[in-house]
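See structure below.
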Amino acid sequence: MESTFKELSGESVLDLQDKTGIGGGVEDVYGEDRASQDQPITPWTVSVASGYSLLRDPRHNKGLAFTDKERDAHYLTGLLPPVVLSQELQEKRLMHNMRQYEVPLHRYIAMIDLQERNEKLFYKLLMDNVEELLPVVYTPTVGEACQKYGSIFKHPQGLYISLKEKGKILEVLKNWPEKSIQVIVVTDGERILGLGDLGCQGMGIPVGKLSLYTALGGVRPSVCLPITIDVGTNNKKLLEDEFYIGLRQNRATGQEYAELLEEFMSAVKQNYGEKVLVQFEDFANHNAFDLLAKYRTTHLVFNDDIQGTASVVLAGLVSALKLVGNFSRSHFLIPGCWRAELIALKISKETNVPLEETRKKIWLVDSKGLIVCSRKGSLQHFKVPWAHEHEPVKELLDAVKEIKPTVLIGTSGVGRTFTKEVVEAMASINQKPLILALSNPTSQSECTAEEAYTWSEGRAIFASGSPFQPVEYNGNKFVPGQANNAYIFPGFGLGLIMSGTVRVHDDLLLAASEALANQATEENYAKGLIYPPFTNTRRISANIAANVAAKAYELGLASRLPRPKDLVNFAESCMYTPVYRSYR
């Protein structure tokens with residue numbers, strides 16, 4: 001895939017008559033931005049919400065936090081017990097209840113139930129307890145939720161577009177109640193985390209990702225749209241499951257699939273405009289790379305599995321290699337068909353060496369072994385640039401011994417591939433081997449944190465896709481980092497939205513990586529962490545958004561004019577705040 005951005009052709013995509021509120025994309029209809037949080041609002045739905053309907057509206061419901069004055073004004077008297085609780089006390093009670101659940105899936109269900117009845121309290125709870133609740137609403141628990149989505153399904157949380165809607169997708173989009181959408185996360189469910197084809201039940205992924213867009217990145221929930229495109233499933237177990245919620249047929253492929261996606265992408269642009277961000281999520285590799293290549297020059301698209309993973313890993317590498325050596329002199333071995341282009345691009349920019357040369361520092365491994373030139377005739381097109389001159393090597397352990405990499409990055413979705421022998425080989429080559437086991441959920445991780453530290457005799461710098469607990473080894477406590485895409489995509493998306501960016505350029509991804517890497521501190525390094533803690537994610541996202549927006553303005557891709565003077569402050573002012581508002 002070309003790393004340079006192709007020139008846009010045809011009529012201008014810049015909409016200089018920007019009907020934006022302070023959020024940069026659409027008007028702040030519901031008073032959700034931080035800059036307007038002190039202003040009293042009217043709880044509008046179709047009409048002013050009041051009485052029982054107000055208690056059933058998740059955007060405006062405050063539960064027992066409605067004041068006596070609000071209860072009188074909005075016909076709530078008698079519909080609630082007489083006590084008035086603060087939002088903080090509601091939050092304390094909910095966390096107490098949440099901790100009583102021993103099964104993570106039960107916590108997930110409780111969080112989804114809260115989101116459906118009290119939106120602000122859901123996001124306040126998630127933001128204030130992000131390290132504890134992130135594994136509940138995101139990986140690893142969301143994986144189990146998707147596997148059992150048909151059984152736990154209660155209320156639709158997004159838009160379902162199936163083959164039955166072919167020819168009328170625009171009409172389906174117009175059925176969604178919100179008309180001004182800024183971010184769409186869409187999946188076809190074929191490669192959900194490392195769990196494979198879950199068909200229509202992959203909806204848990206777009207819902208979870210967009211929850212993090214709001215909680216971590218401050219993007220308003222009212223402008224977020226989760227979508228699942230149902231083209232069937234090849235998962236025999238699901239097709240035979242009486243509770244399965246999707247089409248009961250094998251997956252459509254080829255022209256039928258391509259035509260449905262083309263109609264979808266055209267309808268999205270027609271209905272929501274040029275600047276709506278479409279994030280592809282958990283598509284199988286054979287479709288993911290093709291869709292990104294096809295639409296990156298005509299739509300504002302982003303693939304989190306390819307570009308988001310690349311960006312968060314690059315940030316971790318830049319951060320970690322400050323401890324272990326020169327980034328541009330390192331060699332990388334990557335089991336999995338992962339987009340390594342961003343690493344090569346970073347090295348190229350640092351050293352002024354052509355991209356074709358810097359790619360040679362990066363070796364990929366797939367199910368057939370090391371990707372080498374002698375295999376070019378049988379490789380998928382996106383693997384060809386990574387085929388280097390070398391004898392064929394089948395096993396990962398042998399590849400480690402041959403290539404002698406500084407960094408081992410796992411993205412294959414196959415668990416336990418970083419065996420004791422592989423980690424020991426990395427430790428024999430490097431004083432501080434950098435091992436990133438990124439596959440999700442936890443069950444599919446290439447190795448555990450304990451294994452990485454134990455087998456390397458406590459010398460490994462380790463990060464994973466899903467969280468692991470701290471590890472005690474030889475009297476030392478090691479805190480494993482989490483190379484979680486949630487560091488990148490919320491702030492990256494906010495940066496695109498607030499600047500009115502019209503296309504994603506690779507330099508924007510580099511800007512996001514650099515902003516994240518710069519926020520790791522000496523205190524983090526002392527604990528073995530190569531990423532900053534999640535406790536300050538709003539600030540992290542604001543800095544990433546500002547860096548991305550600055551690069552977009554520099555490249556002439558931003559349409560929101562004039563450029564704000566202080567992009568970090570502007571990003572923070574745009575962020576959704578889940579604090580209860582006073583109602584007139």
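For all residues, glycine too, the Cβ spot is worked out from N, Cα and C.
As annotated by TrEMBL, domain 'Malic enzyme N-terminal' applies to 115-296.
Summarising the annotation, TrEMBL assigns active site, proton donor to Tyr138.
The Cβ of Arg191 ((S)-malate binding site) lies under 8 Å from the Cβ of Asp197, Asp282, Phe283, Ala284, Asn285, Ala288, Asp305, Gly413, each of these being in the same chain and 6 or more residues away along the sequence. The feature (S)-malate binding site is assigned by TrEMBL to Arg191, Asn440, Asn484.
For Lys209 (active site, proton acceptor), the same-chain residues lying six or more positions away in sequence with a CB closer than 8 A to its CB are Tyr138, Val185, Pro226, Gln279, Glu281, Asp304, Phe489. Sequence annotations record features per position, and here TrEMBL assigns active site, proton acceptor to Lys209.
Positions annotated as divalent metal cation binding site by TrEMBL: Glu281, Asp282, Asp305.
The domain 'Malic enzyme NAD-binding' annotation in TrEMBL covers 306-553.
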Long-range same-chain neighbours of Asn484 ((S)-malate binding site), Cβ under 8 Å, sequence gap at least 6? Leu134, Tyr138, Thr139, Val312, Gly465, Pro467, Tyr531, Phe534
Other C-beta atoms that fall within 10 angstroms of the C-beta of Tyr138 (active site, proton donor): 27
Including all protein chains shown, what's the count of other C-beta atoms within 10 A of the C-beta of Asn440 ((S)-malate binding site)? 24
I need the most crowded of these binding-site residues: Glu281, Asp305. Count other C-beta atoms within 10 angstroms of each C-beta and give me the top one. Glu281
